[in-house]
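Below is one structure, written out as structure tokens, with a few remarks after it.
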């Protein structure tokens, strides 16, 4: 079987299995197994595929047909132009979350500090948020916190792989957090428990449940963040959080009730509410 025949066969199998983007996923798996580039594919695609590569490729295609995320099969996901390691212990980074990084960065650039700006990412998972911020703003100091020890292993692996220094803390929210920060970011679990069963299989069956479950109304972790974050922010520090598309009004209300100012919501590329930000000024309290 040639490379082109293998790609076409895989695309057909994935399409028949109801996989949403069969052409894209077939290509990602082919590239992962063979190292094939687009240019080489068009030049050498008629060459015969080595049997070991063919077997491995179709093994992964079969796994994808069962709705295992393609990122779990390749072990990587691109985020903010960087390649992050992922596995079943972390939420696969989404393009929507890049909006959080961009909004956080806008506020970092406005900070005038003698000492390095300190950023804490709560519910850090793969570490994609603080690591991306550090790569784009090398002067900052980052810490990432998560309840999952396995997730923190992934974050540490990504930091090492991308040449970033950071501190990684296992904690149930703020239990083991010390010191203050100029910014706290978070993409907490925000899906209402009853909605999880309605999610696509790739998410429902393969993303870690604790990274999805926002309890009964999806707002459980936002309540904790709104209440606790002021204790850990420096004067004039920012809280930047990802939200579900229908949670803006509720989350903004929580922040305003606990004394945050300049509370606003930013939309993602699809035009959906995605990030809520607020600043905490102690002197005005």
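Keep in mind that glycine also has a Cβ here, set from the backbone N, Cα and C atoms.
As annotated by TrEMBL, domain 'Release factor glutamine methyltransferase N-terminal' applies to 5-75. The average pLDDT the prediction assigns to the domain 'Release factor glutamine methyltransferase N-terminal' (5-75) is 96.
Among the features that TrEMBL reports, domain 'Methyltransferase small' is placed at 111-192.
Look at TrEMBL and you will find 146, 187 tagged as S-adenosyl-L-methionine binding site. Taking a C-beta cut-off of under 8 angstroms and a sequence separation of 6 or more, residue 187 (S-adenosyl-L-methionine binding site) has the following same-chain neighbours: 91, 97, 100, 123, 125, 129, 241, 242.
Residue 190 (substrate binding site) carries neither a helix nor a strand DSSP state and counts as coil. Residues or ranges marked as substrate binding site by TrEMBL: 187, 188, 189, 190.
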Completion exercise
DSSP puts the residues of the domain 'Release factor glutamine methyltransferase N-terminal' (5-75) at 52 helix, 1 strand, 18 coil
Handout entry: Neighbours of 187, 188, 189, 190 excl. site residues, C-beta within 8 Å of centre, substrate
Key = 123, 186, 191, 211, 214, 221, 241, 242
Problem - Rounded inter-Cα distance in Å - residue 189 (substrate binding site), residue 146 (S-adenosyl-L-methionine binding site) - result: 11
Completion exercise
CA pair residue 188 (substrate binding site) / residue 146 (S-adenosyl-L-methionine binding site), Å rounded to integer, equals 10
